[in-house]
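These come from TrEMBL:
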| type | residues | note |
| --- | --- | --- |
| ACT_SITE | 110 | active site |
| ACT_SITE | 128 | active site |
| ACT_SITE | 129 | active site |
| BINDING | 113, 127, 168 | substrate binding site |
| DOMAIN | 20-61 | domain 'PARG helical' |
| DOMAIN | 80-347 | domain 'PARG catalytic Macro' |
């Protein structure tokens, strides 16, 4: 897993361009949300001007290989998912609150644009752009991380949150200072893990095609999988036919291996070579020490997510929620915390999750049900949402009982 030294001249040119775009929008298309985005950035510089942060931030491009390799996980095909016997992990639902406010240590999903940061330095002001404003150190990744392919995700570890906010999109407002209480890991990084995964944009009915379902579940799986454990994971699935080792022409991919970039905060006298050697050895020791058994659940690091690929991207919230549950379970994450933001389409999510869990379904069984529903949806045999289609025989009194049990 190579390390790279950032080309400072090209990075500076790109930063100047991004900055000019941001201020041009602020001048030509003034509105309050842009003014409040600027307040977040100015607040960041005010904070670091009084005390420079120390430590490191890691940027990693995570890749599921399009061809089989010894130390990489190959792009899964349909039979990988349909034949999976992995149990579904616990799934907890929150109708209010925000992903970035959770207390458990977990990977926090960034509903990303394929170009990291999306419209953070222009007019954008939805989930990803807001995250880049309250954690401005994320903006650095926009300088050197190019467009994500379908088989790629980006993981960023160590950024600090500096601002509070209220509202969303046009109602976004800076709401004062935030003191980040996340602990520091052995590498000097804050224990805040952000996974950037981009969903299909405006997919319409094609999102129910099997190839589109595969694209979305594999994108989430790439982000959720611990790529340091890929070789052990592969041993667990010894049947190579599950892996889909041949190149899939439906995947817009690359031959890149995972790339890790580390930015140093403070301590400027340390040479880049020393940083690279130190971080490489520490990363290996850290991961070897943290997991006592091959493929044991990653006890302390679950997934915190929400309506990924919905809203502006136009995805089906019920399908996207299930796909993320499947991906997290297959990646052996110990739990999913899901923030619905009180979306009406997900009102039955709690009952459905509880019913599926009570049936003891595996990843493969739930995936097959989702595929069957999608085929019927494409053929026009059903116009119902996935939840209503899945539980047509669940009587009203059963739903009431499940709801009571869930609330207790």
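The backbone N, Cα and C atoms fix where each Cβ goes, and this holds for glycine too.
Since the structure is predicted, the reported quantities are computational estimates derived from the model, not experimental observations.
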* **Those residues of the chain, 6+ apart, with a Cβ under 8 Å from that of residue 128 (active site)** => 110, 111, 112, 113, 117, 118, 120, 196
* Structure fact -> Other C-beta atoms within 10 angstroms of the C-beta of residue 127 (substrate binding site) total 24
* Asked: 110, 129: which of these active-site residues has the sparsest Cβ neighbourhood within 10 Å?
  -> 129
* To do: List the residues of the same chain that sit at least 6 positions away from residue 168 (substrate binding site) in sequence and have their Cβ under 8 Å from its Cβ, in sequence order, or write 'none'.
  => 125, 126, 130
* Structure fact -> Longest inter-residue Cα distance for the substrate binders 113, 127, 168, rounded to the nearest angstrom, is 17
* **Mean per-residue pLDDT computed across the domain 'PARG catalytic Macro' (80-347)** => 84
* Run through the Cβ atoms and count how many others sit within 10 Å of the one on residue 113 (substrate binding site). => 22
